[in-house]
Structures are given as C-alpha cells and as structure tokens.
Amino acid sequence: MKDLLNLLKNQGPSDEFDGIRIGLASPDMIRSWSYGEVKKPETINYRTFKPEREGLFCAKVFGPVKDYECLCGKYKRMKHRGIICEKCGVEVTLAKVRRDRMAHIELASPVAHIWFLKSLPSRIGLLLDMTLRSIERVLYFESYVVTDPGMTTLEKGQLLTDEQYFEAMEEFGDEFEAKMGAEAIQQLMKDIELEREAQEIREQIPNTNSETKIKKLSKRLKLLEAFIQSGNKPEWMVLEALPVLPPDLRPLVPLDGGRFATSDLNDLYRRVINRNNRLKRLLDLNAPDIIVRNEKRMLQESVDALLDNGRRGRAITGSNKRPLKSLADMIKGKQGRFRQNLLGKRVDYSGRSVIVTGPTLRLHQCGLPKKMALELFKPFIFSKLELRGLATTIKAAKKMVEREEPVVWDILDEVIREHPVLLNRAPTLHRLGIQAFEPVLIEGKAIQLHPLVCAAYNADFDGDQMAVHVPLTLEAQLEARALMMSTNNILSPASGEPIIVPSQDVVLGLYWMTRERVNDKGEGMIFSDIKEVSRAFYSKQVGLQARIKVRIDETIMEESGESESSYRMVDTTVGRMLLWEIVPKGIPFEMINKPMVKKAISAVINFCYRIVGLKATVIFADQLMYMGYDFSTKSGSSIGVNDFEIPEAKAGMIERADAEVKEIEAQYASGLVAQGEKYNKVIDIWSRANDLVAKSMMEGISKETVKNKQGEDEEQASFNSVFMYADSGARGSPAQIRQLAGMRGLMARPDGSIIETPITANFREGLNVLQYFISTHGARKGLADTALKTANSGYLTRRLVDVAQDVVITEQDCGTDEGLSMTPVIEGGDVIESLGDRILGRVVARDVIRPNSDEILVPAGTMIDEKWVERIESMGIDEVTVRSAISCDAVFGICAQCYGRDLARGHRANVGEAIGVIAAQSIGEPGTQLTMRTFHIGGAASRASAADSVEVKQEGTVRLHNIKVVARESGELIAVSRSGELALADAAGRERERYKIPYGAVITVKEGEQVKGGSIIAKWDPHTHPIVTEVAGRVVLAGMEDGLSIRKQTDELTGLTTIEILDPSERPSAGKDLKPAVTLVDENGNELKLANSEQPAHYMLPGKSIFSLKNGDTVGVGDIIARIPQEGSKTRDITGGLPRVADLFEARKPKEPSILAEISGTVSFGKETKGKRRLVITPPNGAVLEDGSTHYEVLIPKHRHLTVFEGETVAKGEVVSDGPSNPHDILRLKGVEALANYITNEIQDVYRLQGVKINDKHVEVIVRQMLRKVEITGMGDSSFVKGEQVEYIAVLQENEKLRAEGRQPARFERQLLGITKASLATESFISAASFQETTRVLTEASVTGKIDNLRGLKENVVVGRLIPAGTGLAYHAERRRKREDQAGSKAGSDTVSAAEIEAALTEALKSSAS
C-alpha cells in the first residue's frame, strides 16, 4: 500500500530545480492558469461583505473565504473537502487557495503589453523595424498600418493617415488590407518569419559599411535569434486574455466606520473590466467605428495603467491625488517585492533592546534579560516541560510559562546552556555586524555586551539598540558556534589585523600600569620572580611604576612549533611584571617591556594569534580587558582645565605671524603681489605659526623634569592626564589638544576653501563672537556632509555587493601561472607600503629567482606567510609576481590559490568562502569614514611648490628605470625620456625611494652609484621644457624668417638676442607653412644621424619656444637647443573621499582625460584645423597598422598642454597630453595588469588618507567583476555577432571548442564596465532585476526566454534556497551528485503504466475511505 502511495507521490512535480526560466505567456497559457473569468467590476457586497459572483473577489473562481466552508453555508467542515457546492458553485477547500488561484479577463480587442512597447529599446519596435512613435500612432488609433499590401503599390508596415487610407481605398478597393490598433500590430507580428528574417540580416551584415547600420542590424538579429531559440512567439507581446492576480494578494479590508482600505490594483482592474464590458456591448450593437475606436483606445490605456502606471502619458491617480500603484510598481524599488519581501524578511524568534556594558563577561558571552530569554526560547521550554511530565499538553505548558512558575526558570537555564544566540546591530555594514554569543541570564531589561566586540559592531553605550536572534536547528547552532562565535572572529576580514583590540579605558589602564616613574617607591629593588613582585606590590612595599630588576622565565616559540624557555634578569617596572603574569607563554618579554600604547597592544594580540593560537589569544584578550579596567580605575586619571597648559611662547609667535601678514598686505596694497599669491602666502604664514604653537604646546605638556634618587634633575614623560590620554591612544589626538591649548588655527568655508583669518584663540581661552562665527561657518557643512555620506556610502556598498555577490571560491587551484607583479608602494622618499605588506597572504605565481643568478628563492605556489615575508625582505627582492583574482582561470568563482589567505582566519581560504561579499563589505564598510568633499588646491594644500630637484633621504645605490639618457662631456647625464624614474636601493637591494624624472633633467649620478643621504642627484628647471641634442655638430637653421615665423627680442640689460618662434595661429598668412627647425651637420655639411637609428638629427621647434643659437654655432651632446616655457598646469580640484571611490568603481571617464599614444612611433604634427591640432604618430620602419594605414592621427584641442614635441619617439600607452587617467584607455593600451594596478593604487590612496587599511585583493575581486564582459570585434566561425557583449569566460570556452575543431575563433576586446552596469549585465536576471531597473531587466529576460541557473547568492536567497556558499556549497554539490545518480538509475528502471496508476488510485481511495 505504502509503495503505491509513494509511487503516486513520485509522479508529482518535484521541488528540486536548478534553474528558472522566464518567458512570454501565450493567451492559451494565461487561460490555463485561470480558474474562471472575471466578468463584473464588483468586489464585495457592502451589506453582507460577501464577494460578488463573477466579480473581482468571486468565491466561485478564486475559492472559499473561510476554510472548508462554501459561500452559502451548505457545506461546512473537513469531511466535505473537495466537493463543489451546487448552489453557489464554490469548492470546499482551504481559504488560502485565494492566494494562488488566478483568473482572467477575456479582452474584447487585443491589447499591446506596455513593457514590450515602451521599455527602451522597444522590443515591438525592434522586431517590426518601425519607430516607437509610429507604433504608438497605430496602437492609439491615430493612423492605419498596411498589414497586407496585396497587388498594390503600398508596402507592408506603411503608415496611412485617414485621408491617405480613404484615397487608397478609392484607388485599390479591397486589394489591400490596413488596420489600426493592437490587432494590426498583432497581425504584423504573426506574419514575421523569424528564420527567414534572421537569415536575410546575416547576409546583409558583411555587405554593410556604415557602423551605425551594422549596430542596428545586429541588435535586430539578436532579438530575432532570441525569439527563435526561446520558443516565444512575437504575437504573444500582444495580450488577448489578461490574467487577474489572486484576490488575497490585492486585499480589500473593511475599516471601522464602514469604509474600506483597498489595494490600488482593484481600482485598476475595475477600470479595465468596465471598459472591456462597454466595448463588448458596443461591438454587439455594431456601434459607429469612431466610438468603438475610442473605446478600444481607452481599453488599451487602462491595461497600460494596470501593468505600469505612468509609463505612458499621465499616471492615473486615486482619490488622494497620488498615482495608483500598478503591478510594475509592486515589484520594483526598495518597497517592492524583491527588496522588501524576498531579499529582506522579518525573522521570528527575535527581540531587541538597549545595550549596556558587560565588563565582567567573557568574550564569548552576552547578558540576556530573563524576560527576553523566556519569550525567545518558548518552544524549547514547552517541549522540555512536556518531556519531564510537568505539563500534560502544550496548552498547560503555555499556562505555566505565563504564570512564571519557579520550575520554568530552572528549565530556561537548561535550555539556554550552550545554545548560542546571534546579536546584530544595525546598520550591518560588514559580516562582523552579526556575531554569536552564549547567553547569560541577567536581571533587568537591557542586553549586556562585551566591551571588546564594540569595535566590530561600531557600537557605543549611549542608547544603541541591538537585536537578538535564536538559531533553531542543530545545524544552525553548530554553524553559529563554529563560524560566528565572537571568539572565532578576532581578525578583521578587511585587513587581517585584529579587531578585538582594547580601546579607551582599557588602553589607558594598561598604559598607566606600564609607564615608568622616576623615583617611585621601591625603585631599584631586585626580585627573584613574578610572585615576589606581586606580593611586594599588594603589600604596598613598592609602587606600580617603580623601576626594578626581576628574574623572569621566558618561553620563545620556534618556527617548527617547539618552544624553549630560559631565565634571565631584566630591567622593568612593577606594572609590566603584573602584565607579564597574564601574557601567554611564547610571547617575548620585549613586546611587553615598554609603555603599552594602543598600537603596541594590537601588535601583541596579533603576534599572539599567529604564534600561540586562537584559544590563548581569546583568554589573553579577556584578561587584558579585566586588568585594564582595574588599573584605569586605580589610576584615578581625570582632566581639569589646568591640564591644558598654554605655552608661554604663544603670544610672541602670533605677534610675529601678524607682522609678516601686515607686510604682505602692504605689498599687495602697493601692487607688488597678486591677490592669489597674497592669499597663499598668508595661509602659509598662519599654517606655519599654528604648527609652531602646537609644537611648543606639545613639548610643554609631554615632558616634565623631576628629581631622581641621586637628587639630580631627570626628564621623564609627563603624567599630565591629557597627554596620557592622547599618547596612549585612549582618546583624543595632538590635533585636538592643539585646539584646546594651542590655537584653533585656520578654518574652512563650506566650499572647502580656507578663510585667511585664523582663530588665534583656543578653547581654554574661549572664542569671541567673530571667531565663533568663523568656526560654525565650516562646521555646518561638516554636519550636512555626514548625513549625505551615510546614504551615499550605503548605496556604494549595495552596488559593490551586487556586482560581486556571486564570486565564491569554487576550487582549490585553477592552475594558471598568470598574476600581478607586486612592488612596494613608494612615493618620493617614503615607503608607504612595503613589498612584504603587499604580498603577505598571497600565493607566488612564478618562481622568485635571486637577482643575477638562477637560484630559486621562493618556488611558485608558495603561500607567503609572516616567516616568508621576513625571508624575502632580507633577500632584497623588489618584485614578486603573485596570483590574483583578476587572472584566475576558474570558470565560476575563483580558486583558493589565486585568492590566497582568508584574512579573517589566517589560513588558506576554504572552498565555498563568499569572497565577493566579503570584498564588497570590506570596501563599503569604511565608506562612512571617507569624506564627501572635493579638495580645492589652495592655501595649505598647495604648499608643495614645483619640485626642481631630487634630494635623497638615505644612502643607497642609484637605479634608473626606463630613462633614456645622453651623456655630456662633463659626465653629467641628461634625461631624454618622459616617464623615467630614478630609484634608490638600500644595502639589501630593496628599493626605498623612487622619484619621477622629467625630460631634460640633469642627472649627476650613474646607474649603480653609491650616494649619501641628503645629496642632490638630479635637477631641472620646472618652468621650461627644454629640447636637448643627442649628437654633437654644427647648427643649420631652416624656416626662420623674422616677422613671419620668428620674432627677435633683445634683452636691454644683457644685450643678448633671443629668438621666439611664433605660434602658427599668430603668424601672418605667408608664414603659416614655414616649419622652423634646427638641423645638425658635421664639419663637411652632411646631415648627422641620431645614434642607433637612421633618422637625421633634425629638431622641429614648436610655437612659443625660445632659442638663442645662430647659424653655424657648434653644440655638444646634451646641450639645450631651445626652451619651451611651461604655463603652470591649471590647478585642478582633486576629488577625494567617497565620490572618488565611486568614480573609480563606476569606471567613469574623467572630463578632460589624459591622451595616450595609441601606437609606438615618431611624433609629428599634421595640418591644423580650427581650434584643434593634428598629432600624427608614424610607426618605425614603415610598418603598416591593422586597418591598413601607414600612420595614426588624432585631433587634440589647442588648449590641451602636450607633453611631446615634433620628432620625438613615443611608446604605446605613453602620455601625450596630461590630465586625469581614463581607465578604459589604460585597459585598451596597456592591458589588464596595468588597469588593475591603477584602480587598486587609486582606491588605496583614498583609504590610506583616512588611515583605513584594506587588503588589495578585495579591490581585485571587484575589478575582476568589472572586467567580466568582452566585446566581439571579429565573428570568426562562432555564433557571436560583431559588437555584442559576451561573458569573457564564455568566449574563451567557445574559442577553445572552435580551435579544437580547427575553425576560426572569435576575436574580442576586454571591456571595463562600471559596477552598476556590470551588475545589470550579469547572467542572472533575478539578481539584476532585484538590483535596479527591474522593468527593463525583466522585459529583456522574458523576451529572450532567459534561464537563470541560480549560481549567485542573491538568486538563491530570492527563490528561498540555501546559498551556494559555505555549507550550502557542499549541500548543492551533494544534491547535484544525487540527481545525476538517480538519472543514471532511472534510465534503467521501467516506466509506470496507466493501469498501475489506476490500481494504485483505487487502492488509495479505499484505504482513505475506510
């Protein structure tokens, strides 16, 4: 019997599915979903509140209003289940079928679906090859369209106005057919022969020349192919039957007072039904054509409004003047179905309350109020009460719990034991915003939170609230404990640094106890061990900060994991010994034997985690906290006004600055300096004064002189509370102290520019009215910024999560040896990020080889941990190629090797880790700390004057990077290349400094030369751009005629004559074609050739250049022929902060981007046009370019400053004209790696300025997603269309297949999409639709019959399955395996016959009847 029932069950549809397909519904399909037709616009009877028959809420069509009860009341109860009442026609079943039973409306005339008409690009328009305007004219009954031309001169699809139609009727009679309205459009679409049309277009494309035409044709071809492949029929874009939403999804609720609250959809449906019925009646009456036509148009409009109100014409409004919410509005936007109900749901078994500190808790605990716990764990308590026999039924158990009997509390204790709960604080900006804790029952009503996890939650105790959630199933509890427990989340996933780090009071306490105090009680005592020290301290024989000697037992952990301990005598203080008591074995004493500022504490915790392990670290962190609180209490440290000591020298400094400013004002008044220069100088003076005041204030506050044991003066760090707060990193910073005790300094206006009157007072002295006003002026902007910032930052995070949500680690190793080459980030003389920091936790892509030999230092595939970093730093390696997400070859997701270390755990990433979301959160979470403002270069910002030399900071060896030089006779080198760099390496061979060297700079050192720190090794004139000779010879001038192409000037003081070349625009017409040039010849007058090339030494002189040689002068190598004055490049605002990050990720083109050379070759200038210069690049040796031309031309606006001049050679991708970089150009000309480096460095610059650490690999994951599309440039033998956008991986796979078959692969170009575009271009339509532009995405997906394979996380959340990441990845893999096994076994088993099913049915019915 059971087998038979199982057999029946197995025949039904299964819940297992692996994809969702969206398509167009045919009219028959709509009717097949329907349970009946809605014929009347009535909803419910206002007296009886019963639904009207055949109305919008009809019980006969949609099902009963009450469970198992028909409308007239004849059948009630379960036993009549399935019977249809003969009186009212209602099926007796559950009332919830009213949530899924649909109905339909038979439309009297077909109606075009507005989505396919108006959602751009219009699908109907594309298919019929008509403009949207003309289709609308037909649909809304303004024109006729010819549907069948017959044997006439008319064409199919031609529009006719009324007059033209009547004329044609007279001329041709019934030969042709023309219609209007949706019927006409439907007819035209029925007549399309998809296959033939597609074939015709395929033949047309190769014979078409114009780009736009090809684009148009390929768009149409794609659409036609989509229809052919998906099995959708074009005529289904016109509705014949309109589906009606189940009534419980558009409810009508009676309010008190006899009014009803209703969903807007009911209004919209009523309109459609009314018009439809009226149209039916008019058609039955054979009404005049014009009336019928009008009614049809109104029907079309009312269906449009139902589907997407406001898409065409004015939106239909309700009684409250608001537009009605149509079906399209129900699914889109933050309040729509996707974001409100599918991606974000409310959760049962949860509660929220205010949080307070729990300084006595352990790290894995939280205090849960008893009242809350009782409510949250109710079901567990009920089952326990029943199990123990304390309550007979659930109802009795419920009563016991409500009465709060004593036994209930005992049971609650048991239930809660080791049952973790999740705590969440909104906004949840990264994954550490939800962590698991073990609850500890407490009295009161507030949740207690462990202070160390506040940093992760970004929580404080000023009234923040948190939510508690209970994981119910055993698996959920297990995951909460193993993965989400606060003790397992010590490191931040963004940077890999500890995030469980003491702050504020705790830091202060630890700092205070580890400070030294000169001549404290018991100084100089010697102790044998820790115990003796603590006995002496607690019996008050020795002060906490006394300097003493102690014999300690120190354990050092070896790399191999062995540890060895040793005894030694150390100089230390009592407080440090007390701290040493709680430090785990394996940490060297040196890490503790210093004042413990916040950074030092963080370093200890980090070291402890890496060397000693997780468990010890957690215990240690807790002990640190308890001890810190204890001693910060004991320190009694507090501040009063007198702690802010104002330096005596302040008044004098301000007076001096004032005097300087007055002097400049006087110069300005007499016209010696310009307005801008005065402003900059004044601001410079005040910034300097402010720094000096701050310096003397910090000196006064941070040191104090005391008498020591010997009675001599000794200087020690001050015990001033304010200084201690700032020095320890507990609270405040020198900048804040400066405002309290120094001077407030310069203030900014809301637009970011600096006010030149500074505030000379500080907060201790108090501000006067003017000063107060100046402060508020810029401060208000700050507050407004903060509000905007939060929203913008949230939106950035949302876009990032959306673009990266489907990146999961899917395999161990993809086997590529590609990667990014990593070098230290050096700006000028500072190493901003060392190579070690950049490659830590990455996998080496290719063997690292010792310079100048073939010894392998680091084999490929090595994961670089802290030990390796030390080794690599000591070997003097400068560059390592590491595996990267960008170059990973995995088809879906990324492999573990390319990703490297899981930052939050410190070991190689596991398969299933959702790295995309982690990357998005790591970049988005600090977003609120970034600024919103654009910095104006002005005042304090522009103090760096134009550099004119390179001064090295430390000694080292000089290295030249792609600098072309010529040597003068004196031995100096002159740079004759643009993008050259000069670097300084230390003794180990690591680069420590790096400087850009401009063209024409004089370099006084050679490659490999040793230089001392402070020596100047290169200099140049920042205001002119020289033209340098590369060979020696005699000068021959050409094309120089005074007054036509040049102007002579004689300096009155020196009597020297200089020649200025006139700009072509300033020359008289006779001189336009003259090309002033200098040619170098040898003694015999033969032209000299440049070294290593066949080109003559011929230097063109550009306009505005100044030149002082005469015919026949001799010049040496490296001499300057002419100088071109540089106008100061315009000061640009630098966009900083959040807008800059958004610009980079959206891959926006800057306003005036730098222009790069498209090919390598020689530069020359062609004929100028009005306002533009023509730059011509000729490839060397007469090579021919891909498009068959012999050179490359580009027009550049005249106002752009060019960095190249005539006759110079440039390399592909070199900058020709300055400006902000355009990432698309970098990708096209320099490749993926250069682009990755550019975006990573630019984004890191923004975050570094705010002191935020983010690992490079997060940015790389996002960049990988931005690069996932390519544009097809050549079709080859593939099925792709030229100009279409395809997934990179898809093209690679297709090309591999084609190569294997020996056919022509497709050619393509990588494309860079901004994150919004990339999210919308994802393969999954569910993910794209739930992100933005829902209507457009769904329209496109349904026309092309897209299948969503549910690969990403978002799609799976929407359809309510486990996500394919973490434990879900294994679950899905297992499911797939099972299904494949079943498919294999099923093929062998025999099929079920109809007879067997019938037998089983009768059997089953008998058993249920008995």
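Heads up, residue numbers simply count up from 1 along the chain you see.
Note that Cβ sites are derived from N, Cα and C of the backbone, with glycine treated the same way.
Taken straight from Swiss-Prot:
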BINDING   CYS70, CYS72, CYS85, CYS88  Zn(2+) 1 binding site
BINDING   ASP460, ASP462, ASP464  Mg(2+) binding site
BINDING   CYS814, CYS888, CYS895, CYS898  Zn(2+) 2 binding site
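For the Zn(2+) 1 site, the Cβ centre of CYS70, CYS72, CYS85, CYS88 serves as reference, and the other residues of the chain with Cβ at most 8 Å from it are ALA59, LEU71, GLY73, LYS74, TYR75, GLU86, LYS87, GLY89, VAL90. With a cut-off of 8 Å between CB atoms and residues at least 6 apart in sequence, the same chain places VAL354, ILE355, ARG425 near ASP464 (Mg(2+) binding site), listed in sequence order. For CYS814 (Zn(2+) 2 binding site), the same-chain residues 6+ apart in sequence whose C-beta sits under 8 angstroms from its C-beta are CYS888, ASP889, ALA890, ILE894, CYS895, GLN897, CYS898. Each residue in ILE355, ALA459, PHE461, GLY463 lies on the same chain as ASP460, ASP462, ASP464 and has a C-beta within 8 Å of the C-beta centroid of that Mg(2+) site, without being one of the site residues. Shown in sequence order, GLU811, ASP813, GLY815, THR816, ARG883, ALA885, SER887, ASP889, ALA890, ILE894, ALA896, GLN897, TYR899 are the same-chain residues outside CYS814, CYS888, CYS895, CYS898 whose Cβ sits within 8 Å of the Cβ centre of the Zn(2+) 2 site. Of all the binding-site residues given, namely ASP460, ASP462, the one with the smallest number of surrounding CB atoms inside 10 A is ASP462. Counted within 10 Å of its Cβ, the other Cβ atoms near CYS88 (Zn(2+) 1 binding site) come to 17, all protein chains included. Taking the Cβ of CYS72 (Zn(2+) 1 binding site) as reference, residues of its chain lying under 8 Å away and at least six apart in sequence are, in sequence order, CYS85, LYS87, CYS88, VAL90. Between the alpha carbons (Cα) of ASP460 (Mg(2+) binding site) and CYS70 (Zn(2+) 1 binding site) lies a span of roughly 58 Å. Its own atom aside, the Cβ of CYS70 (Zn(2+) 1 binding site) has 25 Cβ atoms within 10 angstroms in the protein chains shown. Cβ neighbour count within 10 Å across all protein chains ranks CYS888 highest among the binding-site residues CYS85, CYS888.
Cβ contacts within 10 Å of CYS895 (Zn(2+) 2 binding site), excluding its own Cβ and spanning all protein chains shown: 22. Taking the C-alpha positions, the distance from CYS70 (Zn(2+) 1 binding site) to ASP462 (Mg(2+) binding site) comes to 57 Å.
A strand conformation is recorded for CYS895 (Zn(2+) 2 binding site) in the three-state DSSP classification.
Cβ contacts within 10 Å of CYS898 (Zn(2+) 2 binding site), excluding its own Cβ and spanning all protein chains shown: 29.
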